[in-house]
Amino acid sequence: MAILSDLGTEILVPACAIVGIVFSVVQWILVSRVKLSPERHSLSNSSKNGTAEYLIEEEEGLNDHSVVHKCAEIQNAISEGATSFLYTEYQYVGIFMVAFAILIFVFLGSVEGFSTKSQPCSYNKGEMCKPALANAIFSTISFLLGGLTSLLSGFLGMKIATYANARTTLEARKGVGKAFITAFRSGAVMGFLLAANGLLVLYIAINLFKIYYGDDWEGLFEAITGYGLGGSSIALFGRVGGGIYTKAADVGADLVGKVERGIPEDDPRNPAVIADNVGDNVGDIAGMGADLFGSYAESSCAALVVSSISSFGINHDMTAMFYPLIISSIGILVCLITTLFATDFFEIKAVKEIEPALKKQLIISTILMTAGIAFVSWIALPSSFTIFNFGSQKVVKNWQLFLCVGAGLWAGLIIGFVTEYYTSNTYSPVQDVADSCRTGAATNVIFGLALGYKSVIIPIFAIAVSIFVSFSFAAMYGIAVAALGMLSTIATGLAIDAYGPISDNAGGIAEMAGMSHRIRERTDALDAAGNTTAAIGKGFAIGSAALVSLALFGAFVSRAAISTVDVLTPKVFIGLLVGAMLPYWFSAMTMKSVGSAALKMVEEVRRQFNTIPGLMEGTAKPDYATCVKISTDASIKEMIPPGALVMLTPLIVGTLLGVETLAGVLAGSLVSGVQIAISASNTGGAWDNAKKYIEAGASEHAKTLGPKGSDPHKAAVIGDTIGDPLKDTSGPSLNILIKLMAVESLVFAPFFAAHGGLLFKIWN
């Protein structure tokens with residue numbers, strides 16, 4: 001037996017979730033102490049360094065009031081734009097959720113012809129399990145729960161980010177350390193809310209479902225998989241819709257503003273500038289939040305499904321059964337301690353300390369989490385148990401599971417650092433890309449693409465090693481908990497990730513409010529670090545997606561009662577080919593959507609520059625609202641086809657071609673999707689930071705390429721513009737494609753196993 005009692009588990013999991021929620025509320029209160037109304041500052045305030053806190057403005061004799069008012073005004077405009085976009089998006093998503101919920105109910109209910117009689121269990125034929133109709137009803141409920149939790153997570157994250165952006169700008173007047181803490185705290189609010197909410201809702205759902213299911217754990221955890229499906233399907237629309245929105249605005253603003261008119265980024269004369277800043281929030285925050293929540297929900301579901309048919313589930317050992325949830329609970333506590341290192345234990349005094357501080361977050365959380373996992377594996381698991389392995393039971397020791405989770409956790413760290421090496425402008429790869437801008441945009445594009453392809457090598461080896469280790473020790477369960485290991489520090493990962501768009505917005509607000517050059521330098525430094533951390537976050541999301549979808553794939557193969565997936569059978573091989581093609585089709589759709597939306601934006605921005613008198617001189621105000629509307633309409637319209645492609649493929653393939661071909665499609669899309677996703681997001685990140693490297697002009701080498709407006713800089717801007725849809729739309733959405741198809745196949749597996757493969761049945 002495990003050391004931790006069942007009662008202990010029932011207290012520990014919700015307690016950790018509540019601690020996470022309380023912590024995020026505390027962080028939010030600390031951020032809200034920065035006031036967005038003008039107040040007189042006396043110079044007698046002594047901060048903890050014993051030096052007087054004075055504002056740059058007072059030193060330069062500028063009026064404080066107008067700047068604070070302007071910041072508040074701009075923040076309001078960004079917040080309104082983001083909220084109205086999300087409301088519009090959620091109306092469409094709401095219709096989709098209802099329609100898809102009905103689909104789940106009809107498909108799964110029809111497995112046994114909607115009968116209410118108990119049926120033999122799928123794995124343990126001697127036992128009787130609840131009817132298929134119950135599975136249909138509860139899968140539908142958990143799908144809706146997952147979707148709602150995902151919507152809520154994205155929405156709250158966006159609200160917090162738009163609340164914190166102007167506050168970060170105002171704090172930048174006191175120094176870079178203050179601004180960093182404000183941005184990071186707001187990121188932490190989102191990270192902890194999301195991790196805790198995801199855990200709490202899942203925990204409550206399992207306990208409520210248990211009232212009906214009783215001892216039928218196999219049926220219970222099969223129904224819970226709908227939670228992951230709900231989370232990821234919302235993430236798909238959030239990621240694709242938000243990604244199209246943000247990049248249409250960004251590309252439109254850059255091409256007309258920087259390249260044609262030669263005005264700086266985030267200049268208030270640029271009509272697309274508000275839309276651009278709104279985009280950072282809806283794409284990078286709401287989209288990213290929903291995406292990582294989806295991964296988290298699915299890896300928990302995959303682990304629970306496999307363990308419900310292993311000795312944990314058969315012997316009704318609840319503590320061991322909840323092992324995946326206990327890992328996440330301890331993860332919240334570990335991230336809480338880690339966050340204090342950034343906000344309270346150490347203070348940032350200079351610009352060059354920002355990136356190391358964010359990297360330390362990753363290292364500290366990984367080291368502490370390793371100890372946490374060892375502890376959990378010791379108290380929550382029996383010393384020896386069996387894990388379901390494609391029809392047989394495999395004997396596993398508790399230290400082997402510890403190694404599985406650890407393998408995932410450390411693979412995540414490796415992927416994070418490799419991504420950082422390839423996308424941060426402190427290392428040679430990005431500097432080489434910047435250097436190639438001397439000879440124009442073409443060489444910049446060639447170097448950037450090569451960098452992206454090359455950056456795939458080490459992450460793939462890291463994923464491969466962790467898969468091999470986990471599978472050898474604990475079969476598919478090992479891979480599911482390895483994915484959970486990678487996501488166990490999700491609160492810190494998200495805090496680092498949300499920090500990026502918040503500081504990006506802060507820089508935009510500083511520029512639009514006409515703050516001094518020195519403040520803009522500080523916010524730029526925060527933003528450049530944020531760019532790299534965003535790339536690290538995407539690396540985590542892609543790595544975990546690969547592990548999650550493989551675990552879901554294993555659960556699907558077991559559930560659909562396929563004994564082996566043989567690549568040499570034509571059914572499977574055609575599936576592999578088609579599956580490997582899907583990420584390309586999907587990327588083509590998302591890239592083209594960004595292109596066509598950007599086209600409309602460019603035309604509108606040009607029209608305003610040409611027809612509004614006094615706009616370039618700064619005497620007239622541009623019409624920001626029209627640009628926001630163009631982005632909103634385009635992204636809502638364009639997110640539907642790629643979404644339909646991902647959601648319908650498993651249904652069509654499973655129904656017409658059967659489970660073996662579907663297994664091929666899942667394997668193919670996993671293998672090709674991971675590669676494209678990593679290379680796309682790293683290429684885009686490298687081009688963006690190469691441009692920032694030239695603009696900052698911090699080193700001798702960078703000075704020879706600059707200043708802004710020079711030929712190399714223009715070439716860098718073109719590279720950055722090409723990279724935008726790669727790193728913020730196609731790349732990040734692909735990891736959802738991989739996971740979503742796998743989790744959807746798992747949820748519909750009972751139907752496909754019973755009624756799938758119509759074409760082959762007719763053929764034969």
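Note that Cβ sites are derived from N, Cα and C of the backbone, with glycine treated the same way.
Taking TrEMBL as the reference, the stretch among 645-667, 737-759 described by the feature transmembrane segment is residues 645-667. The recorded stretches the transmembrane segment (540-562) and the transmembrane segment (475-496) share 3+ CB pairs below 8 A when only pairs 6 or more apart in sequence are counted, and are therefore in contact. At the 8 Å Cβ cutoff, the transmembrane segment (179-206) and the transmembrane segment (321-342) share at least 3 close pairs (sequence separation 6 or more) and count as touching. Tertiary proximity for the transmembrane segment (362-380) is limited to same-chain residues at least six positions away from its ends with a CB under 8 Å from its CB atoms, namely 2-4, 9, 319-320, 322-323, 326-327, 330-331, 333-335, 337-338, 341, 398-399, 401-402, 405-406, 409-410, 412-413, 416-417, 485, 488-489, 492-493, 496, 536.
Non-local neighbours of the transmembrane segment (321-342) in the same chain are 4, 9, 12-13, 15-17, 19-20, 23, 27, 181, 184, 188, 191-192, 195-196, 198-199, 202-203, 217, 296, 299-300, 303-304, 307-308, 312-313, 357-358, 360-361, 364-365, 368-369, 372-373, 375-377, 380-381, 401, 405, 480-481, 484-485, 487-492, 495; each lies 6+ residues outside the stretch with a CB under 8 Å from one of its CB atoms.
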